[in-house]
Each structure stands twice: as structure tokens, then as C-alpha cells.
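To keep things clear, I will list the structure first and then write my remarks on it.
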Amino acid sequence: MKRERGALSRASRALRLAPFVYLLLIQTDPLEGVNITSPVRLIHGTVGKSALLSVQYSSTSSDRPVVKWQLKRDKPVTVVQSIGTEVIGTLRPDYRDRIRLFENGSLLLSDLQLADEGTYEVEISITDDTFTGEKTINLTVDVPISRPQVLVASTTVLELSEAFTLNCSHENGTKPSYTWLKDGKPLLNDSRMLLSPDQKVLTITRVLMEDDDLYSCMVENPISQGRSLPVKITVYRRSSLYIILSTGGIFLLVTLVTVCACWKPSKRKQKKLEKQNSLEYMDQNDDRLKPEADTLPRSGEQERKNPMALYILKDKDSPETEENPAPEPRSATEPGPPGYSVSPAVPGRSPGLPIRSARRYPRSPARSPATGRTHSSPPRAPSSPGRSRSASRTLRTAGVHIIREQDEAGPVEISA
């Protein structure tokens, strides 16, 4: 009986250990499947350049693997599918001439575009293997950051101003992150320093003298970074501003006075020059008229003080006199020159003879005769006894005196 009981107990113990033995046997057997590994899980790409999605797989099978790359979207997009390195089917137009596969299953994307950004999944399967290997890699595509600059309305600000704004600007770059620096160090937490949600704009509220410093900004993204040149912000005290404004006003006033003082003499000089030119023009006109004026006796007081006779020779036989008839004698009622009286013509003149045109001779100096003295005409040459001289000429001098002198055989009286 004891022997039977011992055998039953040993059998029951064996049944209890059987599941554990079975599990142990399963774990020790080799698994038939593909194992995929990748050195990186995140790759940062640059627009226009290439990115390598690198993977490696291992399998007990020696058959060629079937590789499939997909871009995770709401609806997955198949990038490429191949047996080994041989592409199966037709590539999408977006990836044509930009795809290259390697023996280990890696994928090379050329000429990256912003649309290439996303999560890529690779699946590798082999016919003899039971399990399919999978792996995901994240790819980002960005544009490099161009050099930023700090933009301000003015580099000077008055103390206790309500707000002063600085803007960090750059032309190119995706996914930028901004950092503000004061004197080359990151800004400390200050209730007066306000940043916009994207930290691109810095606003200083209630400006103090301690805000007078150098400011710059730094912009970064996954592939590049840039730092602006520092900008000096000058804070003026209010009392200093009044001094600057008053000094500037005085300088401006002195400048205006100096300009006006220099401008007036030049204007006077211009007027003087115009007057001088006018006088020269008048002198030139006087010089042109002087020869004609010298042939006429002077009028006015000089004639009253020094009257003189004007002798005009007339040729009786000249044919010129026929064209120019003698002027009519002045009537008795017609007034003569003031201060003078002319005696009537002597009746010894031949009225029918033609009068020759007057020939003008230069004036000869003559002494002024005494008042009431009678002058006789100079004696004629004996070679022309039969020719009588007569002159009748009207002369206007200065628009005042008209003197008509007749030279006959008899004398001409000039009374004062």
C-alpha cells in the first residue's frame, strides 16, 4: 500500500511541473522573424538637400526581403515598395527621381521639400519568416534662419516713457524660436519686460535709466541659428532733454541770423551792379547822340548869356533847292524865343530864286554882344557879287527855344 501511495504522489508532482517545462521549451526555441534596428529615431533635413532614413534588419532566411516605406498621414501614403532593391510598381510623381533604396532597407530622399516632413514607417518581410519587422523614423524639413536684426522706432527714449518696443526680424527661416539678450546675456525675469506669445517682440514698460544698454536677439530652428547685431538704446533724463532742445534752438537761431547777414549784402551788391549797368547804358546812348547835339546850339540860360548867330549858306543855282522849298516866314503874331526879338526880313531878297538846302557848319565861338548892339553879317567875297545868301532854319533845342535867323544883304538885329 505504501508503495502505491508513493507512486501516485510522484505522478501528481510531474503533472504540476509539466506546464512550466512546456513554457521553458518554447522560450528556448529560436523565433523565425525579421528584426529591424535604426541608429536614429529623428532626422532633421534641410530644404533642397538629402536625408538618409537608415535602418538595418536581421533574419534567419536567406531570401530577398520585401521592403515597404510609408508616410504616416490620416491616410498612409506609400512612398516605395520593392523586393530587395528592385522597385515594384510605379512611383508617385512627388517622389520620382528622388528615391534610392539600399540592400539593408535604408531609404535616401533627395531634394527635400517641406511636404516631405512627417513620420516614415518601414516594413520588412521574408517568405520563410513568420513575423514581419516594423520600424518608424521621424523626419523634419526646415529652411535655414537668415541673420536677424533688431528694429526700433528710435534708439533714444525718454525716461519714464510708458512703453518702448523692440522687434526681432528676419527674412528666412522656419520654426523659429526667439531669445532676447541684454548686454550679451539672456534677459532676466522682470515684470517690466513683456514678450509677445512667439517672443518675437520685446516691450519695455515704464522705461528707467537702468534700461540704457545693448540689446540683441537670437533666432534658432532645428537646423540653424542666427544672432543680430547689438543695438544701443539710450535713455535720457527729462532735464537733459530740455537742455538739448534749448541748445539746439540757440544753434538754429544763430545759423539763421548768420545766413540772413550774409544774404543781405549780396542783395545790395546786386542792386548796385544793376544800377551801374543802367548808368553805363545811359552813357553809351549819350555818346551816340553827342555828335548830333554838338551841331545844335545849346538852349536855355546859356543861350541867353551867350547868343550867337548861325550862318547858313544857300546856293541859288543848286538843283537841290528845287526839291526842298523854303519854309514860310514866321508870322508877326507867332511868338519868338523868350528874351529875343528878330527884326523883319530885309526886302532886298529875291523871292523867286530857289533856296539851296542848308549846309551845316561847326559852330564858331563868338563873343556875346552887348544888349541892344546891332550886328551886321560878314562881308561876302567879291567873287560872287550876284549871289545873295539867305538862311531860314528852325532849330529846336531842349524843346524850349526856336530861333530863325536870316542872313541877307542887310543886318539882323537881336534885341535882348
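Any Cβ shown, glycine's included, is placed from N, Cα and C.
Note that the coordinates shown come from a computational prediction; the quantities given were computed from them, not determined experimentally.
Candidates Asn138, Asn172 were compared with Swiss-Prot; the annotation N-linked glycosylation site appears at Asn138. Looking at Cys217, Cys260, the record from Swiss-Prot puts Cys168 in a disulfide bond with Cys217. Within the set Asn35, Asn104, Swiss-Prot records N-linked glycosylation site at Asn35. With a 10 A radius on its CB, Ser278 (phosphoserine) counts 10 other CB atoms from all the protein chains.
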